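The following features are taken from TrEMBL:
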type	residues	note
DOMAIN	45-297	domain 'G-protein coupled receptors family 1 profile'
TRANSMEM	31-54	transmembrane segment
TRANSMEM	66-90	transmembrane segment
TRANSMEM	96-124	transmembrane segment
TRANSMEM	144-168	transmembrane segment
TRANSMEM	200-229	transmembrane segment
TRANSMEM	241-265	transmembrane segment
TRANSMEM	277-299	transmembrane segment
Amino acid sequence: MSPSFYNHTNPQDMWYVLIGIPGLEDLHTWISIPICSMYIVAVVGNIFLIFLIVTESSLHEPMYFFLSMLAFADVLLSTTTAPKMLAIFWSHSMNISFASCVSQMFFIHFFFVAESAILLAMAFDRYVAICYPLRYTTILTSSVIGKIGIAAVVRSFIICFPFIFLVYRLTYCGRNIIAHSYCEHMGIARLACDSINVNIIYGLTVALLSTGLDVVFIIMSYTMILLTVFQIPSWAARCKAFNTCGSHICVILMFYAPAFFSFFAHRFGGKTIPHHIHILVANLYVVVPPMLNPIIYGVKTKQIQDRVILLFSSTSTCC
């Protein structure tokens with residue numbers, strides 16, 4: 001039926017209904033328990049990691065500055081989504097205005113793209129540290145680190161800001177049920193009654209040319225790192241390099257794998273992947289990586305372990 005047969009709705013007057021995880025409504029209370037636990041661990045763990053890096057002068061190195069940026073992005077990404085998800089699961093607070101929905105959509109994509117850029121910067125940091133150790137401090141100065149952080153934010157804003165115009169330009173006809181726990185670009189666009197081809201094309205272009213290229217450059221960086229590591233004659237030095245890079249690779253896999261699964265499942269897997277599986281994975285990828293990042297770096301990074309032990313031992317001595 002042509003869109004002209006529908007009653008058009010002003011987006012500013014619309015309220016959406018986020019239904020959570022479709023098909024698993026009876027399990028929302030049980031699902032909320034691990035999600036709430038992971039969110040608390042993510043916020044507390046990442047804030048503690050930022051506090052540790054800021055207050056401990058021995059951690060004022062490029063790798064840890066990038067790690068603090070990652071921790072900050074993790075807190076913001078999980079906080080953009082988890083509170084509303086828990087409100088849906090606990091109190092059935094499903095209504096959200098169009099403006100609030102679009103705002104949440106923007107910040108989710110913004111923090112995701114920014115975090116992807118930070119992971120690329122961390123891969124570059126390891127590449128320079130292992131492949132050019134004598135030039136490490138001259139290449140990654142405080143000024144360069146600051147510029148990389150600003151570039152990550154600016155790039156993310158430039159990429160994600162058009163999403164707002166893309167959803168506002170659409171014509172809506174009163175459909176307001178979003179089968180999701182939070183608002184994202186294609187979830188809003190699919191409620192429109194006119195063509196969303198531009199939205200689909202732009203979304204795919206962004207995924208391939210921003211985060212997709214980030215993944216390619218990250219793989220290239222770690223390939224060159226591995227080639228360099230295998231040429232190191234000392235087994236102790238090799239183990240140290242593998243230990244540091246191993247934690248980075250774990251974080252990268254946890255971040256990109258579920259995110260790309262959710263992205264492509266939403267666009268191409270509608271008939272093959274059960275919808276509740278797609279939404280469940282989408283819910284988990286905004287809380288699981290933020291929760292595990294400080295744990296992985298705390299376990300795999302000796303400098304952070306030492307500072308944590310020293311901090312708690314001095315605290316217990318004072319008490």
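We count from 1, first residue shown onward.
Using N, Cα and C of the backbone, Cβ positions are placed for all residues, glycine too.
Predicted automatically and left uncurated, TrEMBL annotations should be read as such.
Counting Cβ pairs under 8 Å to the transmembrane segment (66-90), the top-ranked stretch among 31-54, 96-124, 241-265, 277-299 is 31-54.
Here the listed stretches are 96-124, 200-229, 277-299, and the one with the most C-beta pairs under 8 angstroms to the transmembrane segment (31-54) is 277-299. Long-range neighbours of the transmembrane segment (241-265) within the same chain, counting only residues 6 or more positions beyond its ends whose Cβ lies under 8 Å from a Cβ of the stretch, are 70, 112, 115-116, 119, 122-123, 126, 130, 207, 211, 215, 218, 222, 225-226, 229, 232, 273, 277-278, 281-282, 284-285, 288-289, 292-293, 296-297, 299-301. Beyond the transmembrane segment (200-229), the same-chain residues lying 6 or more positions past its ends with a Cβ under 8 Å from any Cβ of the stretch are 112-113, 116-117, 119-120, 123-124, 126-127, 130-131, 155, 159-160, 162-163, 166, 185-186, 189, 238, 241-242, 245, 248-249, 252, 256, 259-260, 263, 267.
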